[in-house]
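The block underneath contains the structure these notes are about, expressed in structure tokens.
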Amino acid sequence: MRQFLIVIRLILLLSVDISAAPAPAPAPAVRTEVDPELTAGYSEGDMIISAEQRNGLRPDSYRWPNRTVYYYINSNIDPPHREQILVGLRKIEASSCLTFKEAVKDQKYYVNITSEPGGCFTAVGFQNRVQQMNLQNYPLDEGCYRMGTIMHEMLHALGFYHEQSSADRDEYVRIAYENIQEGKEHNFDKFDIDTVDNFDQEYDYGSVLHYSPYGFSKNGGMTIVPFKEGAEKQMGQRLQMSQRDINKLNIMYKCPQQV
Ligand SMILES: [Zn+2]
């Protein structure tokens, strides 16, 4: 089966080579990144990763126990924004066997949802302590309050990395270092299969965890160039989890019945 998949991938790669898309048109000289998922300044923009995680602790320890995620939405987040966050959590619940519960007094571990300046960022995976998820204040459906961004950040807290850091990403995209802002190259690191598991799901351009094709671009050119023609239109969507995002979440948390 594995060999069969490798053969299929080779065929895909070869067909991509033949029909390679033309280089993107020359773009404006300077571009400033404004996406708050990217400007937060953490690892890959919005992921707070501890030193031990970089060294590859067994991923199981980063799963939430009993498929139950505790959260606390800070009181300075107004009711409409609070509701927007809750809708995002309910959508994840509806697509998985996870349950989100408001943290009770004396709760030892929970996602502390804040709305401070500094963009959107989240501690990755279960930390067994109070861990932050920050959604800088924006109008509803913009910036950190896009529905897909709320789910993107919560998926980090559940233990997911970015789609384009998958071990097999080089078979699906080219990282265009010539277009990346100086000093931001580390945001395009990939992780080996021991650190990041793709749960046998094929690379997903439409993942809510995929960067846009223009993330950290210094010149308006694509920084992540898909080999599949037209895939750049899917990349960076922040509307909803893709079916493969849902599949991975269900496999990661060993949901008894996949949704
Ligand atoms: Zn992210």
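In case you wondered, yes, glycine gets a Cβ from its N, Cα and C as well.
Listed features, source TrEMBL:
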- 1-20: signal peptide (SIGNAL)
- 55-256: domain 'Peptidase M12A' (DOMAIN)
- HIS152, HIS156, HIS162: Zn(2+) binding site (BINDING)
- GLU153: active site (ACT_SITE)
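Counting only same-chain residues at least 6 apart in sequence, those with a Cβ under 8 Å from the Cβ of HIS162 (Zn(2+) binding site) are GLU44, MET47, LEU209, HIS210, TYR211. For HIS152 (Zn(2+) binding site), the same-chain residues that are 6 or more apart in sequence and have a Cβ closer than 8 Å to its Cβ are GLU37, VAL208, LEU209, ARG238. Other residues of the chain with a Cβ within 8 Å of the Cβ centroid of HIS152, HIS156, HIS162, the Zn(2+) site, are GLU37, GLU44, ASP46, MET47, THR122, GLU153, LEU155, PHE160, TYR161, VAL208, LEU209. Around the Cβ of HIS156 (Zn(2+) binding site), the same chain contributes ASP46, MET47, THR122, ALA123, VAL124, GLY125, MET133, LEU209, each under 8 angstroms and 6 or more positions distant in sequence.
Mean pLDDT of the predicted structure over the domain 'Peptidase M12A' (55-256): 93.
When secondary structure is read from DSSP and collapsed to three states, HIS162 (Zn(2+) binding site) falls in the coil class.
In the three-state DSSP scheme, HIS152 (Zn(2+) binding site) falls into the helix class. For GLU153 (active site), the number of other Cβ atoms no farther than 10 Å from its own Cβ, over all displayed protein chains, is 25.
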